[in-house]
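A quick write-up on the structure given underneath.
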């Protein structure tokens, strides 16, 4: 991936220019399209026009939306990396935090161009990049999951897009001063309610109907009176072959919507009522009418009435077949014809769905509401319908294209404003920019008394028989001479062939659009009879009662028309956008077939035109094509001037001035602003970049040579140091071996001499000369005896003959046998100790040569009072120990006494102190110099072999309930027990010492 915009200039022949501002032929649509196509075929779907992002729908999954990709763009300068929607989102976010002001991102393009996906990518980026806490994560999840809910209820399959937004959406994301998302708010515009009751060939109704029928649980469908077959419902089968769409998985989407509703905190009651309304709309569409003998409408069947929102069947039947008329002081019910009844039924279905959608948006807003009243900064996302041109364009396309005219007017105004402000801030003279001002078209549509909207409302509200054709005649009369308006009657002979008698054509900024007036008055009126509202107020459904409140005034005045309401909402939207800093994403559809890799020049050219991209480019290029901060420009191009390379000592502006003087820039090719350099022509920048690439290769060669020399020198020094160390170590090793040889030559005769003297004096009483020899003889005998023990104590001839030092002299045979029994018992204890500790305790091998005794404390040394208490229990073993207090680990000398019944811990001259069940039990911590002997005796007396546990490192014990203590075991130079700084009792054992 190329690292920045300037770096991409070297590959411009292959991948095009990353910023259209640097396009030399910036007035040529062909050059614009060629650049867009080059990048599209290289899977580079994003291109800049300054800070505006152009996005081409690839119609395939790309691998540049991962978490790693988000991290790459996080906190990076806008032009430092290739164009990406993450770069724009990050730049908006950082600008908002640094300047503490509000921003909005306008995402526009025709249906299927990828507007909704772009909005999702921006939301996902903020979800990952914003600070994270439990509260912020809840808000983040609700912001993300509001999308699938609103898509289910507001999106549908159209001819151009399988997931087309049929309403405009503006979402505010609120951030705190640290950049955490703390709330949000959604505004919706002009839901296409007519889709509920009518869809064009090749299109579907709103997604939620199919999701409920295909994905709803069996129990839910039975409760709603629905069958799992879309063909059974009139509102879903106007186009029989579109119920199933390969790119849509209604069952999976249903599960997503159910989960999202729970996260957004919809109660189970709300969810039941919401789906009850959706089912009721389907049942309402199945109600049929027949004419009686007088031509009045009657219900064909009453089967569907049972499922309609808990409204009494008689009330509903009357509301669908009669209209209430006020005549002076009384109300009269006027029966409908079949056509009027169908109209009333469809009007009611549209009103129910439209008001429920508004309730849904408000409910989502309640979930996203920020309870903190402190000031917050906002980033707005405007995902709104793009310019629409179909084979037959009706009232909805007129409103949508009027909206795009207003946004284009705002877009040019804000773009010129930002350009002018930048010039003024940098101290550069502003040069007027020629551009097409679409105010003439906006006035044609919205001008008071003379505009199309005023004429349409006037025709809708006037008494008498007003029709779509009378509306067309009025337009011909009032605005017939306007250069951007033409009809079949007003057109010349050639143009008349392309227009039907019921058509009118507007020349929008994006091109000509022909509208069919059929349905304009009906859709603009969007009338719901008063008794229809009264019927809805008798519903048992809480949402319906909320949507049709009894407090709603039943004024005799007609309500505002749809187009007037839409015009007012656009005025409000414009005011919102004018108060924020603008950013733009323009989405383009490369082909109608939704095929990856296919670029339709005619289609894309048309979109480039009506998105106003060439207009925007002309505004951006009217003055200077390229502008960068002095620091960035100097940092990249300083190698081109000897005075600025490698380090410039002065200010960045002075360095740039020195650099461009060396490069030979002409005075009319650039301007020096307060913080930026402005370059007028792209060719000037391209020449600079090409020179830099040549210079870079030369610098790379020099740097490479220097680096290789540095590495070789470093390797040599390392090898030299290693050789010196090896030589030093080898000499030291040889010197030590030589010293050991000389030492052994002296030590060996001494050892041999001591051994010989010990052997010669072995039969004499123990003395310094034979002590080592006698110890060796004893250990050798005991080791051999371990392997050759007699089967019984009485087998006198089976015992190995002991050395003279271990033979009994002057004892009776019984005494000799007793001594042998004692020796055997001692040996058995040693064997048991071996099975218990061998391989488990490091210092066990050093205890082998120390003989076990019957006891370590004589009876005379035990306190007389203690003996009187426990004498009947038969004392078996006693040993001196050190007890450590529970507080401070102070050492106390104690005697540990084992009897047949218990273990006692006593002071040497005082009363009984405690009772021991286990060596480390409760709060008792003891130290014993004869550990192996004492534990072996305890196991034998208690007749338990595995009643203790050997641990390494550290042990935990309870000082008192709720308070823990620790003993840490370590190895060191000398044995010591002390209390460490962390409060633990630390036991240090000297290495290679006997226990």
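Every residue gets a Cβ built from N, Cα and C, even glycine.
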Between the candidate ranges 547-569, 570-592, 593-615, 616-638, where does TrEMBL place the region 'Actin-binding' annotation?
570-592
Just give the helix, strand and coil counts over the region 'Actin-binding' (570-592), going by DSSP.
9 helix, 8 strand, 6 coil
So how many other Cβ atoms are close to residue 114 (ATP binding site), meaning within 10 Å of its Cβ?
23
Around the ATP site formed by 109, 110, 111, 112, 113, 114, 115, 116, list the extra residues of the same chain whose Cβ is within 8 Å of the site's Cβ centroid.
57, 161, 164, 386, 587, 589
Note: in the chain of residue 111 (ATP binding site), residues six or more apart in sequence with C-beta under 8 angstroms of its C-beta are 158, 160, 161, 164, 165, 385, 386, 388
Starting from each candidate's C-beta and looking 10 angstroms out, tell me which of the binding-site residues 109, 112, 116 has the most other C-beta atoms.
109
Using a Cβ cut-off under 8 Å and a sequence separation of 6 or more, which residues in the same chain sit near residue 115 (ATP binding site)?
107, 108, 109, 165, 383, 384, 386, 585, 587
